[in-house]
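Participant: The following block contains the structure, expressed as structure tokens.
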Amino acid sequence: MAKQDSQTEGISIDSDLINFLNASPTAFHAIDEAKKRLKHSGYVQVSERDDWKLELGKRYFFTRNHSTIVAFAIGKKYVAGNGFYVVGAHTDSPCIKLKPVSKVTKSGYLEVGVQPYGGGLWHTWFDRDLAVAGRVIVREEKHGSVSYSHRLVRIEEPIMRVPTLAIHLDRNVNTDGFKVNTQSHLLPVLATSVKAELSKVVAENGTVGNDEETDGMKSSKGTTNANSKHHSLLLQMIAGQIGCNGSDICDFELQACDTQPSVIAGAAKEFIFSGRLDNLCMSFCSLKALIDATASDSHLENESGVRMVALFDHEEVGSDSAQGAGSPVMFDALSRITSTFNSDSKLLRKAIQKSFLVSADMAHALHPNYADKHEENHQPRMHGGLVIKHNANQRYATNSVTSFLFKEIASKHNLPVQDFVVRNDMPCGSTIGPILASGVGIRTVDVGAPQLSMHSIREMCAVDDVKYSYEHFKAFFEDFSHLDSKITVDM
């Protein structure tokens, strides 16, 4: 029997989401948090590098690049060729990431070279108290043997800031607009050169030096020291966080993070104010729904399919990576599970046609100050439940069949649901839905909880919609196989 997750027992779903968000400043940390929750709930980790030995009625997960995760529970009545019932979301959000050479010294300041990731509202990153988080590749030597590990790092205190230009030096900013040049304006300030020089850095060899003195240093094994690429002041903080010498840092993927924690807010405590709601809110709701829909052996007793959640990286930049939705990761998961029980390749093709994907990505709520940005008959409201997204040009993968099935689940469980199409005179965004629908051939509905300030450093959604999303996804896992048997489209 799966264990009750001690991390979430007795905690309201909105508070649990807050915990998830605050533990997940990056996609790497979100996957780490997801792994902890799955393991607490009896899920067993498998590796794509190994052969799989799967059993009916058991729960498993695997990760790719530690930024994508696929978790699944196999019904006790499953046979190869039966369907997969999947909720897919993504772990990444727009942010500013450190460049491979981030050391910038300019006008008496130490700045950090960054590049924008995704389509962020970059003006919202100005005048925020910023920290750094991500993953670091560390060299380890034990008993003369060298190995390398990846470690997650998070500096929680505010160490950087992107300051705006005073209005006295830009008199027309309020009339002409705040125009951000992401190459020259978006660099966070780390320290002044004078203070950095006074606050000397202890190098690995025991000498004391500043950035200029340690430039080009070599480690004991001859590799270029990271001080030649990054401010030693920053490296010292990273090394201190993960408990290694600065010279053992081989490489990293780091990003700037807002230090303000996620909160339940509003005069009626009805909102969640947070970064990365797009799309960690849907990632959390789908993950919790899967865990709770498979919490005991009895939940899988009469299940003839496989219940699955897939959380992908790199949606915000097109999904074309080894761990994005455009990669074979979804197809690989379906294929490996099916072939574990029967190697006949025809069964996978049958299974895909019996499968269903809920592509879950946050939706645009009607904005009270910009109501004209929504089509008059399609205005999703907060507290209105999940939004089903439609687009005639297939920017969303929803069709009448997939929309009907998802609405039927809502109707059975008395859950609200809404519809959305973008205005005809505005471009339409997209999701992992069309990518997986076309790449795998799986029936798909695109949905999402309504939110405001999408792609800002600080977004907002409604507490009620978190609850509705979780309940809708959980009902999908529990009811879909029975509901799907009642509709026939292709004979």
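For all residues, glycine too, the Cβ spot is worked out from N, Cα and C.
A quick note: this is a predicted structure, and the numbers were derived from the prediction, not measured.
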Participant: His90, Asp278 show up in Swiss-Prot as binding Zn(2+) 1; which entry in Asp176, Asp361, Asp372 does that record put in the same site?
Facilitator: Asp361
Participant: Besides Asp278, His455, which of Glu316, Glu376, Glu408 does Swiss-Prot list for that Zn(2+) 2 site?
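Facilitator: For Zn(2+) 2, Swiss-Prot names Asp278, His455; of Glu316, Glu376, Glu408, the listed one is Glu316.
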Participant: I'd like the number of other C-beta atoms within 10 A of the C-beta of His364 (substrate binding site), please.
Facilitator: 19
Participant: For Lys389 (substrate binding site) and His90 (Zn(2+) 1 binding site), determine the Cα separation and express it in whole Å.
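Facilitator: Answer for this pair: 17 Å between alpha carbons.
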Participant: Looking only at C-alpha atoms, tell me how far Asp278 (Zn(2+) 1 binding site) is from Tyr396 (substrate binding site), rounded to the nearest Å.
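Facilitator: Tyr396 (substrate binding site) has its Cα 17 Å from the Cα of Asp278 (Zn(2+) 1 binding site).
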Participant: To the nearest whole angstrom, state the Cα distance for the pair His364 (substrate binding site) and His455 (Zn(2+) 2 binding site).
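Facilitator: Cα-Cα, rounded: 11 Å.
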Participant: Compute the centroid of the Cβ atoms of Asp278, Glu316, His455, then list the same-chain residues not in that set whose Cβ lies within 8 Å of it, in sequence order, for the Zn(2+) 2 site.
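Facilitator: Residues close to the Zn(2+) 2 site, other than Asp278, Glu316, His455: Ser93, Pro94, Gly118, Gly119, Gly120, Asn279, Met362, Met454.
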Participant: How big is the gap, in Å, between the Cα of His455 (Zn(2+) 2 binding site) and that of Asp361 (Zn(2+) 1 binding site), rounded to a whole number?
Facilitator: 12
Participant: Could you give the Cα-Cα distance between His90 (Zn(2+) 1 binding site) and His168 (substrate binding site), in whole Å?
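Facilitator: For His90 (Zn(2+) 1 binding site) versus His168 (substrate binding site), the Cα atoms are 42 Å apart.
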